[in-house]
Structures are given as C-alpha cells and as structure tokens.
Amino acid sequence: MQILLANPRGFCAGVDRAISIVERAIEMYGAPIYVRHEVVHNRYVVESLCERGAIFIEEISEVPDGSILIFSAHGVSQAVRAEARSRNLTMLFDATCPLVTKVHMEVARASRKGKEAILIGHAGHPEVEGTMGQYSNPNGGMYLVESPDDVWQLSVKDENNLCFMTQTTLSVDDTSAVIDALNTRFPKIVGPRKDDICYATTNRQEAVRNLANDADIVLVVGSKNSSNSNRLAELVQRMGKPAYLIDSAADIQEFWLQGAKCIGVTAGASAPDILVQQVIARLKDLGAGESIELSGREENIVFEVPKELRVEVKQID
C-alpha cells in the first residue's frame, strides 16, 4: 500500500493564531484561562490546552470575576461580547479568525445601512451564531439559508435591498449552488467583494479533490464537530471514493484498507500535524510503504496575536 498526503492540509493561519493566544495567555498570566467554546474544533487540541490550564465554557456567566477570558476562533455575537465587557474580567482576548471578522464586518455594515442580509451557513454552528449576531437593525432582516431549497422558500421584506455573505468553512461546490439560486431568485442581491469562504477551506478542498483522484480511500484527520473536516470527507464521498473522518490513528479500522493499493491522508484546518504523523505510523504498521506528499498551493499567511501576547512561548508537544 502507498500513502499519499494531500497538500496543503492541517492547521491554517486562523487556527494557529487562536491556539497561540490561549497558549501565550496561560504562559504569561498563569492558569486558569477561560475560553468561551472550544477554541478550535479539535479534540486533541482542546484536551492538550485543558492539561495546560485552559477551561472551556459555553456561557459567560460561568466565568468568575477577575478572570481572563478568550473568545474562540469561531467568533461571538455582539450580545456575547457586550456581556463579557460588562463583567469584572481582568483581561479579554479575542481569538476570532480575522477572516471570520471580515464577514462580521460585512453583516454589521448591512445592518447600519438597513439592508437585509442573507447568510449561507449551517444552523447551530458557532460561527453562524456569531455572524448572525452582528445584525441589530430592527427595520431590516437577517436570514440563514443552507440550500437552494431554502432560498426558494425564503420570504424577505424588500427584494431590491438584499446582500449575502457565507460561513467561511463551507463546501465550495454547495455554496456555489446556493449563490446561483440567490442570484436567480433575487437578481439585485449584492454579494461580498471577495469570497467569504476562506483560503484554507478552498485550498484543502482542492487538495483533497486531487488526492481522491489517485487514492482508493481517503482518511480525513479531524473531529466530528469540525465543519471544514466534514466537508473534506463529503467531497471525497461525492467523488465515489470511501472517506473516513477520524480523530486519531486509533480510529482506523483495518477492514477499511482491504484491497486498497493507495491510501490518501489529509487533515482539516484545526487538526495538528502530530495526528497526521501518528496516522502515517499506524498505516505503516498495517503494511503501508513510505508516504508521498502531493504538490499543492503554498500557504504563507500569518495572523498576528494581540500585541499584549507577543512573546515566545512553548508550543503544544
């Protein structure tokens, strides 16, 4: 069996920044550090940060007075932000991915201008909740759609005063179909100046598509609640190849590999490389040969952490 590695795969700039913010806060201010929601959707990362002194909570009311609080990479609503600022907290850091913040600004701009806004995204995802929560104009409207069917069933106040934006971690193909439906249903709707689906999501979907062309099966390293990891597995399955979303090498079932001559491996944007290396080692134990990395798009984007945290600290092992 041959192992093929997708390129790029794994951590993106937004995830790197979010994890660094938590690590550096622990290093500089000591444990515990409170984080609203999982800082990124990866079990290994969350468990590693818990071991170092991070406490993950869902409600601001769970944070004791005088504590340090960090918002996750997925972003928060204006209501959550206001609640946190009203508390007696020592420090408040925002680990929201800058590309999510870009979408937040688009929604806030629409709200100020009185335009109705339509968000393409998955209901219940924290990024969607945070993005929807940027709209506050009572005379306008904020709507969520997930599919072309949702678009055709949508009722708005003024079809001539609409804009749309998207969750950053969606399937490029699925989103294109929804945008086509929006443009057909509402010819005067205005989209973002630049695509809201982030570079890392797009690059990883392109890379796994190339990987699936050559692989018999594909293993996607990522947690079940990771939106972008799920989209990678779905893309492969739509190409007619088996794909399995795994948290770690321990999840690999030997029968998956029966008859496979080429095993593809990729990782979602919130999955650390150590997990990929463990998967490679496990596959070699099961008889696979050396791994070969495919060519792909180079990524050199870096997002700075807040200036208060710009010191060198140890990284997660």
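Backbone N, Cα and C atoms are what each Cβ position is placed from, and that goes for glycine too.
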Swiss-Prot records Cys12, Cys97 as [4Fe-4S] cluster-binding residues. Which of Cys163, Cys198 is assigned to the same site?
-> Cys198
Hey, Swiss-Prot has dimethylallyl diphosphate bound by His41, His125, Ser226, Ser227, Asn228, Ser270. Any idea which of His74, His104 it lists too?
-> His74
Using His125 (isopentenyl diphosphate binding site) as the reference point, find which of the binding-site residues Cys12, Cys97, Thr168, Cys198 has the shortest Cα-to-Cα distance to it.
-> Thr168
Distance check against Glu127 (active site, proton donor) for the binding-site residues Thr168, Cys198, Ser226, Asn228, Ser270, keeping those with Cα within 10 Å | Thr168
Output, ordered by sequence, the same-chain residues six or more apart from Thr168 ((2E)-4-hydroxy-3-methylbut-2-enyl diphosphate binding site) with a CB under 8 Å from its CB, or 'none'.
-> Cys97, Leu99, Val100, Val103, Glu127, Asp196, Ile197, Cys198, Thr201
Cα-Cα distance linking Cys12 ([4Fe-4S] cluster binding site) and His74 (isopentenyl diphosphate binding site), given in Å to the nearest integer | 13
Could you measure between Cys12 ([4Fe-4S] cluster binding site) and Asn228 (isopentenyl diphosphate binding site) for me? Cα positions, answer in whole angstrom.
-> 11
Where Glu127 (active site, proton donor) falls in three-state DSSP terms = helix
Sorted by sequence, non-His41, His74, His125, Thr168, Ser226, Ser227, Asn228, Ser270 residues with Cβ within 8 Å of centre, (2E)-4-hydroxy-3-methylbut-2-enyl diphosphate = Val40, Glu127, Thr169, Asn225, Ser229, Gly268, Ala269
